[in-house]
Amino acid sequence: VKLKNIIKTSLELLDFVVLQISKKDFDGFKKLFHRFLQVKGPSIDWAKISRPPEDSIQPYERIRAKGLPEDIAAALNRLVVVKLNGGLGTSMGCKGPKSLISVRNENTFLDLTVKQIEHLNKTYDTNVPLVLMNSFNTDEDTKKILQKYTHHRVQIHTFNQSRYPRINKESLLPIAKSMGADGEGEAWYPPGHGDIYARKEYIFVSNIDNLGATVDLFILQHLMSQPQDKRCEFIMEVTDKTRADVKGGTLIEYEERLRLLEIAQVPKAHVDEFKSVTKFKIFNTNNLWISLPAIKRVHDANALDLEIIVNPKTLDGGLNVIQLETAVGAAIKSFKNALGVNVPRSRFLPVKTTSDLLLVMSNLYSLDAGSLTMSKKREFPTTPHVKLGSSFTKVQEYLRRFENIPDMLELDHLTVSGDVTFGKNVSLKGTVIIIANHGDRIDIPAGAMLENKIVSGNLRILDH
């Protein structure tokens, strides 16, 4: 009887907790949806846009030149590392959290993150905790795997993003039939990473799939060494835009404030101008350093007016829906003495596709204490441009097509299309293009060295 009462009380408590979470999610969605209905046209008046003042985007070299204090530990002990861990690996053909995909020497994104922070804590005898912002898609699987880090020198905490219903594009009505997600998982979505601020001094926030987003001691020192009246409350790491980054958000000055401009906010007539690498030269890496007391102040004052990003999607059944999202970087306009820091490209190393995965698995990078750095053997600092075709999209298929990862130290450009496989110890240099037309297959033989070559047609290697 006693056990039954304990179970009954526990279930009632669980129901209450679930109800409170659902109520909070509903209130958040109601506010966001109400704002969406009120907004007419783009939230940006293009005529009011101007380039940020020169001193509002500092070169990283200037910040690095200031050096480090003797007591680095004191600064690190005031830092929390937050990783955005809400995404699934579906775009790379994987089930479950993207952070659990193996990216280097059988280490996952999460393994590498834990190793980086553990290395900091051991080196400087500090206690920098790791906080994972999960979504309802990733929370359960992530929590299961956290047991493996019990004996690592890093405290790991998790919290959940909100869960909002997707909206029918035509009727503007939620497509969810009930509060439960069972059987209708497609009806719900996590609403971007802007709602990190609803949880309650400094945090370093970054995407868990950006392998360049390590704790930078020079930026941390800059953040903490400002006079009290000029305290920088928000730093956004930006880096120089290339042709591959034309859709990335950029920093602008708007109504005398530093502001993040996303492509979704740009009027159609000005999209090409936004994509220009001459007018908008930098883009947001989503590596952010923020004062926690400032977050509390802004949140308590209800002054966090994040622009709504309308993200259109088509579900598997063909239904057109929209997701109302917010972005964590959009809050820069709400903080005092906000700053952009133009960092080296090495701090932006995202893995969104198997083409990115090939780069980070190759000998272009060295792995040390969970951090990837460009190999000293590569003569130039830029990474090769790699484009793998649809036969390589899914991670399992991609891995099957490489007996091992080719030597890419001297590679500039690689395009692979069609049914192509690579034998062991292949070396790629300069520009290499390999195209197998429909019905053809190309097997690059073991030990092959391709330098400035185009390979096409049919090349089969069969077991004797």
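From the backbone N, Cα and C atoms, a Cβ is placed for every residue, glycine too.
Record features, source TrEMBL:
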- K98, Q161, G192, D209, K352: UTP binding site (BINDING)
- H193: substrate binding site (BINDING)
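Features as recorded by TrEMBL, highlighted on the structure.
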{"residue": "K98", "record": "UTP binding site", "Cβ neighbours (10 Å)": "24"}
{"residue": "Q161", "record": "UTP binding site", "Cβ neighbours (10 Å)": "26"}
{"residue": "D209", "record": "UTP binding site", "Cβ neighbours (10 Å)": "21"}
{"residue": "K352", "record": "UTP binding site", "Cβ neighbours (10 Å)": "14"}
